[in-house]
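According to TrEMBL:
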type	residues	note
DOMAIN	9-452	domain 'Major facilitator superfamily (MFS) profile'
TRANSMEM	57-81	transmembrane segment
TRANSMEM	93-111	transmembrane segment
TRANSMEM	117-137	transmembrane segment
TRANSMEM	149-168	transmembrane segment
TRANSMEM	180-201	transmembrane segment
TRANSMEM	267-287	transmembrane segment
TRANSMEM	302-324	transmembrane segment
TRANSMEM	331-353	transmembrane segment
TRANSMEM	359-386	transmembrane segment
TRANSMEM	398-421	transmembrane segment
TRANSMEM	427-448	transmembrane segment
Amino acid sequence: LTFPLLWVTLLVSFGSSMLYGYNLAVVNSPAVHIKAFYNATWSQRYGHGLAPGPLTLLYSLTVSIFALGGLVGSLLVGVLVERYGRNGTLSRSALFILMAGGFMGFSRELGSPEMVIIGRSITGLHSGICLSVVPLYLGEMAPKNLRGFLGLMPSIFTCLGVFFAQVLGLPELLGKDRFWPLFLSVVVIPASLQLMLLHCFPESPRYLLIEKNDICEATKALHRFLGTPDVQNVIEEMKKEQQSLSSVEMVSVWQLLRDRSVRWQTLSVVVVNAGMQLSGIDAIWFYTNTIFEKAGIPVSQIPYTTVGTGAIEVVAGLIGCFTIEKLGRRPLIITGFCAMGICSAGITVSLLLQTDLPWMRYVSVACVIGIIAGFCMGPAGVPFLMTAEFFTQSHRPAAYIVGGSINWLCNFTIGFIFPFLQMSAGAFCYLVFCGICLLVALYVYLIIPETKNKTFMEISHIFA
């Protein structure tokens, strides 16, 4: 593990992946203040406030528009990485965050709820691009023995982003009414650092050699990242992949879906990405305070309980990152989904019994922690790593478009319908998440092979 390889991993994880986690959780604590701003602005414009139903709908749109922006971003990935490369796409995408920060930061001064919603959609666009491009960039430049470790680093920063949003949202910091626009726009700081520093690092060596046929620049990039003059073995491995793809152009999404030779890889990417979002993790992140309130936690203690869960998810992410190369991908993701399924059922039981047994509220908190820890240990990052490992260079961008689109569609679905699902099904809504998690774990156990320490060509042969 060389310094340039570690540094570029930390930089793109900090400037991109962390913002994804931050924007997932940032709307949780200032919800009351944002709703009050919407209501006050509506009164100024039309002479009357919003009814509870339309106000809830407008706020749900603010939360879930992030996922719609992410869906659009994921659909643009193929075009962007082919035109600008992996490094170039990440650098340019940081400009979206600067724009979004401006919209959200000045929304209250200009009395415009629309600016909040537009800013949220632009941050989603950025996250949709980066959620696919960061693991693609890291997966293509990392040696096979470090691919798991570096591939899970972004998931740690996603957890850190959630944690920072929870800490900054405390009443003693930016959780006050007057600070919520600043709270939403803090994202410009990591994006600015990435924009300034990322150009110091080379493009993905595999992109340079296989797609651009630039052996000289690819060799320089390998020298820089691997820290050794002897990179001939890596060059030869990439040339073999290039030769195997010599008669194959970069495939489109439609071609990928119709290609029977990668049918199981494509299906696996769809199942794991859909399972990751439909597991209920976004319901936990978007509506943590609401869940704890229904569990009976005193309102004054909820922000600090939420911060505690955030700290645990960071620890869980670190455990996953440092054990993935020893345990492998399959054990981590199967264990994670099983833990999430069991804890989702536990939330249902604890919510049903808490009226008779007041101490069951602590079981609810423990189950929320179990869901978050299980997610951060494996399902948070492994699906994106698997997408890079399952496909060769010609199919990889299209695979990220498919996985990213499914990911964001499911993210939007959960973010938008969860409050209504909770109102109609009550505590039983978590049993839906339990069933999904256990089914995905079963699929991974039966279908997906272990990819640890294997080249991309070897993985393709295993599936074939």
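Cβ coordinates come from backbone N, Cα and C, glycine included.
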CB contact flag for the transmembrane segment (359-386) and the transmembrane segment (117-137), at least three pairs under 8 A: yes
Beyond the flanks of the transmembrane segment (117-137) by 6 or more, those residues with Cβ under 8 Å of it: 12-13, 16-17, 19-20, 23, 27, 61-63, 65-77, 80-81, 86-87, 89-90, 93-94, 96-97, 99-104, 107, 151, 154, 184-185, 187, 191, 204, 381, 384-385, 387-388, 396-397, 400-401, 403-404, 407-408
Top Cβ-contact partner of the transmembrane segment (398-421) among 57-81, 149-168, 331-353, 427-448 (pairs under 8 Å): 57-81
Beyond the flanks of the transmembrane segment (331-353) by 6 or more, those residues with Cβ under 8 Å of it: 272, 275, 279-281, 291, 294-295, 320, 323-324, 360-361, 363-364, 366-368, 370-371, 373-375, 377-380, 382-383, 426-428, 430-431, 433-438, 440-441, 444-445
Overall pLDDT of the domain 'Major facilitator superfamily (MFS) profile' (9-452), taken as the mean: 83
